[in-house]
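S.K.: What follows is a structure written as C-alpha cells; I'll ask about it next.
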Amino acid sequence: MASKESKPSRTTWRDMEPPLRETWNQVLQELVKRQQQEEEEQQGLVSGKKKSWVSIDLLGTEGKDIKKVNIWEPCEKWFAQVVWGVLWVLQIVLWGCLMWEVRKGNQCQAEEVIALVSDPGGFQRVQHVETVPVTCVTKNFTQWGCQPEGAYPDPELEYRNISREILEEVYKQDWPWNTYHWPLWQMENMRQWMKENEKEYKERTNKTKEDIDDLVAGRIRGRFCVPYPYALLRCEEWCWYPESINQETGHAEKIKINCTKAKAVSCTEKMPLAAVQRVYWEKEDEESMKFLNIKACNISLRCQDEGKSPGGCVQGYPIPKGAEIIPEAMKYLRGKKSRYGGIKDKNGELKLPLSVRVWVRMANLSGWVNGTPPYWSARINGSTGINGTRWYGVGTLHHLGYNISSNPEGGICNFTGELWIGGDRFPYYYKPSWNCSQNWTGHPVWHVFRYLDMTEHMTSRCIQRPKRHNITVGNGTITGNCSVTNWDGCNCTRSGNHLYNSTSGGLLVIICRQNSTITGIMGTNTNWTTMWNIYQNCSRCNNSSLDRTGSGTLGTVNNLKCSLPHRNESNKWTCKSQRDSYIAGRDFWGKVKAKYSCESNLGGLDSMMHQQMLLQRYQVIRVRAYTYGVVEMPQSYMEERGENRRSRRNLQRKKRGIGLVIVLAIMAIIAAAGAGLGVANAVQQSYTRTAVQSLANATAAQQEVLEASYAMVQHIAKGIRILEARVARVEALVDMMVYQELDCWHYQHYCVTSTRSEVANYVNWTRFKDNCTWQQWEEEIEQHEGNLSLLLREAALQVHIAQRDARRIPDAWKAIQEAFNWSSWFSWLKYIPWIIMGIVGLMCFRILMCVISMCLQAYKQVKQIRYTQVTVVIEAPVELEEKQKRNGDGTNGCASLEHERRTSHRSFIQIWRATWWAWKTSPWRHNWRTMPYITLLPILVIWQWMEENGWNGENQHKKKKERVDCQDREQMPTLENDYVEL
C-alpha cells in the first residue's frame, strides 16, 4: 500500500494538455476577428483619444478616409513631385541591383552562410581526423553495435550549403587526402573476430549457414556520423589540376583537387560497414564510386586536346605521393604483402608512404572483351602488358572467398576456403545466399592504376619505356624547339627514340611513334658536353657514337656496349646495355627495370579501402551551435582586409563649436524619438525573455521524459531478451531430454554431463548465470514508471507556464497603453520631416561654404605670386692707366654713371607660362581633391595681365635713373624665387 500511495498519479488537468496545432485558416480567421473588433472601436483605450498604433488591413475592409498631416504642405507642389520621383527611381535601381545579385550563380545565398565561429567560413578545418569521435548508424543497430537510424539527421534531407568563396578561402583550392581511422577500426574488428573463431571455422561443413553471411558480403549498410561540435563537408563538384611542375623532368609533383561546391552534413552516405576482399560491388555504390572519376579542371592542359592526347585527360581520384594507407599507429594491420593491387609503396607493401601517385576510379568495362582490356589479344608473347600498361588481376580474381573470372559474363566461380582481409588470409567456409555464378554485368568495379612517370597533365596515354641502346641521335628527324613542359614545339619525321639537345642546355629523349606522333618527352639538365665526356670514359667507346643504325622500327646504336650512359647498382657510370635497362622520365640516368610506364589492377580492394575511397569526398570540420542572444559575427568580416579595402587616412581639421552643437542637437532628436519606443521595447523584451526561458525549460523537461522513456524501453527489452533466452534454454533442455541426448545435473549453475562434449558445448550455460529475477525486474519497471510520471507532470507544468508567459506578451502592451497617453507623446513626430530637412539644409549650406572657402583660399594663394622687376646695372671696366676721361676723373677706380632703367611689359603668354610653372611646382597638383582648381588659372592670368598693363594696356612706366657704385654691387644680396628681367 505504501508503494501505491507514493506512486504518482498519471492524471493531468485540462490546462496541462498541449494545444492542438493551428492551421492557417484558423490564424487568418483570428486576425480578421481582431480587425473587426478594432474597427468597431471608435476611440482608443483612453477616452477621446485616437489610436496611436498602426493596424494592417488584410481584407481591405478599412475604407474610411482618415485625415492625415501632409508633411509636404509648406513646400511647393513641384518640389514634392521631384522628390517623389527621385525616391521611385532610387527604389527601382535598388531592386534591380538586388535581382542582379540574386541571379548570380556563384554568390553566397542567405541560407548558405554559416557564421558560427570567428573565421571566414563559419567553421574550422580539422586536420587530425583520428581525434574525431565517430559512430555508425544502421538499421540493425542492436545486432552490430551501432546507433539506430534517425539518431542523426539524414544528409539527403538536412544539410547546409557552403558558398564557393568560403571553400576557396578555407581550403585554398586544395581538397586534401585524409587517412580516416574509421575503416581501419572496422577492419580491425573483422580481423579480431576471425582470429577468435578461427579454430571453430575449420571444422564447419557445407551445411553451415549463418546470419554473419550478410556481414561478410557487405550487405550490412550504414552511415558514419560525427557528433557535435563536428560536422562533415560533402563535396558535390570537384576537379583536379597539376601543381609544382618539375622543370627538369616535366612531371607534376602534386595533383590537387579543387572542390567548388559542398554541403555541411552530419553523416556520410550509406556504405557497407564491413566486408572482405571482393571484385564486384553492389549497385547501390555505383553513384558514389562514379563520383570519384574526377575530371580535369577547365584550364589550359595539353591532355584536354583530343588531337594531341587521344582519350583526353585522366579521370579518377589521385591518392597523393607520400600518403599512408595504414599509419604507423595501426601497423599491426599491415600484411606481409599488399593486397590492394597498385596501392603499394616502392617495396610492394604498405609499410612506407607511397612513392608514386596512385589513381583509383570506377572501371569502365564497356570496351572489354571476355574480361580483358582492348587489344589484349595483340600483346607480345603472351605478356601481361599492352599499350605501355602492365595489367594485374586479369584472369581470375578473388571475390568473397571465391575465385571468379574477370569476365562478368563468364560465370566462373570456385570456392577457395579462405577469406582475405587486408594482408591476411583466414580459413572460412560458408554457403553464400547470393549466386556466385551469376552475370556480374552492371556491378561496379574498382580500377587502380599508376602513372610511374607522373605526366598525367600532358597525356593519358601510357608508353613502353625505351631501352638505352634504342636511344639514338635524331640527325635531322626532329625540327623545332620543345622541352619537357612544351611537347608541341617539335615535330618528328621518323619513329624512334631520338636524343635531342634542347636550346635550354639539357638533353631530351623524344619518343616518336607512327613516324609523326610524339608520345612522350624525357629530359634532364645535364648538357651534351657532360654526357659526352662520360660516354668517352666508358671502356672501348672512344671511337663509337650514338648514331642510328639498323633497319628496325626504332633503330639502335652500332655498339650495344656503348649506348647511352647510366649508373649501375654500384652507382658507377657504365655504357653497357643490359636486358632490363630502361630509361624513365623521373630517373634519366638510373637503371630502371620497369618496362611499362603504367600499372593497372582490377579488384583487389576490401571494404576498408572501399570505405576509405568513398570517404575522400568528405572533410571533417568543427562548428558550434546557435545560441540565444546575439550571434558574434566573424572577425574577418568586421575588419577590412587588403590594400584595396583600406580607407585613406587624412588629417582632420579642427572642428568648431558649431559642429559640436549640431551633433548634440541631432543626438537629442534621436534620443527623443527613441524614448517612447524604449519603454515599450524594454517591457516587451522582458516578457519575451521570460517566455523564451519558459520554452527552454519545457523543452528540457520533455527531453528528460524522452530519456526516461528510452531507459524504460531498454529495460523492457532487456527483460524480453531474458525471457527469450530462458524459453530457448527450456526448449533445448526438453529437446535433448526427449531424444535422450543429455543426461546431466546442475551444480551451482554449471552442467555436468557424461554425453558427447560437442552436445554439451552447444548449450552455453554460463550466459544465464547473472540474470536478474522477475521480482527485481518488476521493481525496476515500477521505479521507471514512477520516475516517468513525475517527469511527465513536470513537463506539462513547464509547458503550461510557457503558454502563460507567451500569452502575457500582448497584455503588456495593453497595460502600457492604458497607463500612458501615447497619442500626446508622439504628437510631435509630425515635425520630424521639417527638422530633418532643416538639418540637411544646414549641412548642405555648410558644405557649400567650405567649398567656397577653399576656392577663395586657393585664389589668394595663387594670386600672391609676384614677379620682382629689378634693373641690373652693368658697370664699365676700370681704367688701370688712370687716363682722364671725359665725363669724370676716375681717381677711385669707379665711375658715377647714369643709366636709364628700361623695363618692358610681359606678354600674356609669358604670364601664362609663369603661372603654369607655379602650378606644376605647387603641392596642389599632386592631390586629386584640388585638381578642379586648375580651372581658375585662366582667370588669374587675365587678372594679373590687367594689373600689369592696365585695363586698356596703356600703362606707361617713367624712366628712372639709378646710381650704383662698386660697393653696392658687390654687397647685393642674392635674389631667390624671383624672376630677373634684363
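Backbone N, Cα and C atoms are what each Cβ position is placed from, and that goes for glycine too.
According to Swiss-Prot, the protein carries these features:
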- 1-106: signal peptide (SIGNAL)
- 107-831: topological domain 'Extracellular' (TOPO_DOM)
- Asn258: N-linked glycosylation site (CARBOHYD)
- Asn364: N-linked glycosylation site (CARBOHYD)
- Asn403: N-linked glycosylation site (CARBOHYD)
- Asn414: N-linked glycosylation site (CARBOHYD)
- Asn439: N-linked glycosylation site (CARBOHYD)
- Asn470: N-linked glycosylation site (CARBOHYD)
- Asn475: N-linked glycosylation site (CARBOHYD)
- Asn481: N-linked glycosylation site (CARBOHYD)
- Asn491: N-linked glycosylation site (CARBOHYD)
- Asn515: N-linked glycosylation site (CARBOHYD)
- Asn543: N-linked glycosylation site (CARBOHYD)
- 657-677: region 'Fusion peptide' (REGION)
- 723-738: region 'Immunosuppression' (REGION)
- Asn764: N-linked glycosylation site (CARBOHYD)
- 853-982: topological domain 'Cytoplasmic' (TOPO_DOM)
- Cys855: S-palmitoyl cysteine (LIPID)
S.K.: Pick the one among the glycosylation sites Asn364, Asn470, Asn475, Asn543 whose Cβ has the fewest other Cβ atoms within 10 Å in this structure.
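M.R.: Ranked by other Cβ atoms within 10 Å, the glycosylation sites Asn364, Asn470, Asn475, Asn543 bottom out at Asn543.
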S.K.: Counting Cβ neighbours within 10 Å across all chains shown, tell me which of the glycosylation sites Asn258, Asn403, Asn414, Asn439, Asn491 comes out on top.
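M.R.: Buried the deepest by this measure is Asn258.
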S.K.: Specify the nearest of the recorded positions Asn258, Asn481, Asn515, Asn543, Cys855 to Asn470 (N-linked glycosylation site), where nearness means the distance between Cα atoms.
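M.R.: Nearest by Cα distance to Asn470 (N-linked glycosylation site): Asn515.
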S.K.: How many other Cβ atoms are found within 10 Å of the Cβ atom of Cys855 (S-palmitoyl cysteine), counting all protein chains shown?
M.R.: 13
S.K.: Based on DSSP, name the secondary structure state of Asn258 (N-linked glycosylation site): helix, strand or coil.
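M.R.: Once the DSSP labels are grouped into three classes, Asn258 (N-linked glycosylation site) ends up as strand.
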S.K.: Take the C-alpha atoms of Asn475 (N-linked glycosylation site) and Asn364 (N-linked glycosylation site) and report the distance between them in angstrom, rounded.
M.R.: 42
S.K.: Reduce the DSSP letter at Asn491 (N-linked glycosylation site) to three states and note it down.
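M.R.: Where Asn491 (N-linked glycosylation site) sits, the three-state DSSP reduction gives strand.
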S.K.: Here's one to test understanding: among the glycosylation sites Asn414, Asn481, Asn515, Asn543, whose C-alpha is closest in space to the C-alpha of the residue listed as 'S-palmitoyl cysteine'?
M.R.: Asn481
S.K.: Given the glycosylation sites Asn364, Asn403, Asn414, Asn439, Asn543, which one's Cα is the least distant from that of Asn258 (N-linked glycosylation site)?
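M.R.: For Asn258 (N-linked glycosylation site), the spatially nearest of the glycosylation sites is Asn364.
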S.K.: Specify the nearest of the glycosylation sites Asn364, Asn481, Asn491 to Asn403 (N-linked glycosylation site), where nearness means the distance between Cα atoms.
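M.R.: That would be Asn364, nearest by Cα distance.
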S.K.: I need the nearest neighbour of Asn543 (N-linked glycosylation site) among the glycosylation sites Asn364, Asn414, Asn515, using C-alpha distances.
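M.R.: Checking each of Asn364, Asn414, Asn515 against Asn543 (N-linked glycosylation site), the shortest Cα distance is to Asn515.
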S.K.: Determine, from DSSP, whether Asn470 (N-linked glycosylation site) sits in helix, strand or coil.
M.R.: helix
